[in-house]
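Input: one structure, supplied below.
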Amino acid sequence: MNKAVFLDRDGTINVEKNYLYKIEDFEFTEGAVEAIKLLNQNEYKVIVISNQAGVARGYYTEEAVDKLHEYIQKQLKKYDAHIDAFYYCPHHPIHGVGKYKLQCKCRKPEDGLYKRAIKDFNIDVEKSYAVGDKLSDLIPAVDNNIKSFLVMTGYGKEEVKNIKTDMRITKNLYSFVTEII
C-alpha cells in the first residue's frame, strides 16, 4: 500500500484567486514547490483534489482546467517535483449550468474523489494526510480517517475559527511537510 498527501489546489498549492484557470494568473504559494518535492522524495503520492465550480458556472471549460494542471506539472518538473494525480469536481448543485448542475458525490465536502483516489493508488489512509485551506476540503479526509491539516494560506485564516474536529493547523504547505517528515 502507498502513503499519500491529498492536497487542495486553490489557496493551498497556489495563491487563491477566484475561479483561477488562466496560466498567467497562476502563482505557487510560498514554499509549495519545495514541499511537493520533499513529499516526492519521501515516497508520498501527491494527489490534488479540487472543486472547480467555475466549470459548472460556465466561466471556463474542463479543457482549461486540464491545461492549467499541465502547466503546474511543467513548472514542478523544473525542480524535479511532480503531482501524481489531479482529481477535480466540475459540478455545482445550485449554480451549475447544463450538465454541470448536479448534486454529485465528487464535490467536496462529499468524499467521492477521495474514495476514487484511495482505490486508484492503493492508499493506506493510516499513513496519509490531507491539507487544505477550507474545512470543506478536509471533511472528506476526516470521514476517511485521514489526518488533516488546515493551512493559513488562502481562506485558512477565516476558516480556523470554525474548527471543531481533530484537525491540525499549520502556516502553509511547506510547514506541514516539515511537521510530518
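Glycine is treated like the rest: Cβ placed from N, Cα and C.
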Among Lys77, Lys78, Lys134, find me the residue Swiss-Prot lists at the same substrate site as Asp8, Arg9, Asp10, Glu16, Lys17, Asn18, Tyr19, Ser50, Asn51, Gln52, Ala53, Arg107, Lys108.
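Looking through Lys77, Lys78, Lys134, the residue Swiss-Prot assigns to the substrate site is Lys134.
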Are any of Lys17, Asn51, Ala53, Lys108 (the binding-site residues) within 10 Å of Cys89 (Zn(2+) binding site) when you go C-alpha to C-alpha, and if so which?
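So the list is Asn51, Ala53, Lys108.
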Compile a sequence-ordered list of residues in the same chain as Asp133 (Mg(2+) binding site), six or more apart from it, whose Cβ lies below 8 A from its Cβ; state 'none' when nothing qualifies.
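Asp8, Asp10, Gly11, Thr12, Glu16, Leu150, Val151, Met152, Thr153, Gly154, Tyr155, Gly156, Glu159 - these are the non-local Cβ neighbours of Asp133 (Mg(2+) binding site), listed in sequence order.
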Give me the Cα-Cα distance between Asn51 (substrate binding site) and Arg107 (site 'Contributes to substrate recognition'), rounded to a whole Å.
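Each residue's Cα considered, Asn51 (substrate binding site) and Arg107 (site 'Contributes to substrate recognition') end up 6 Å apart.
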Looking at the binding-site residues Ala53, Cys89, Cys104, Cys106, which one has the fewest other Cβ atoms within 10 Å of its own Cβ?
Cys104
Given the recorded positions Cys104, Cys106, Arg107, which lie within 10 A of Ala53 (substrate binding site) by CA-CA distance?
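Candidates kept after distance check: Arg107.
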Compute the C-alpha separation of Ser50 (site 'Stabilizes the phosphoryl group') from Lys108 (substrate binding site), stating it in Å without decimals.
8
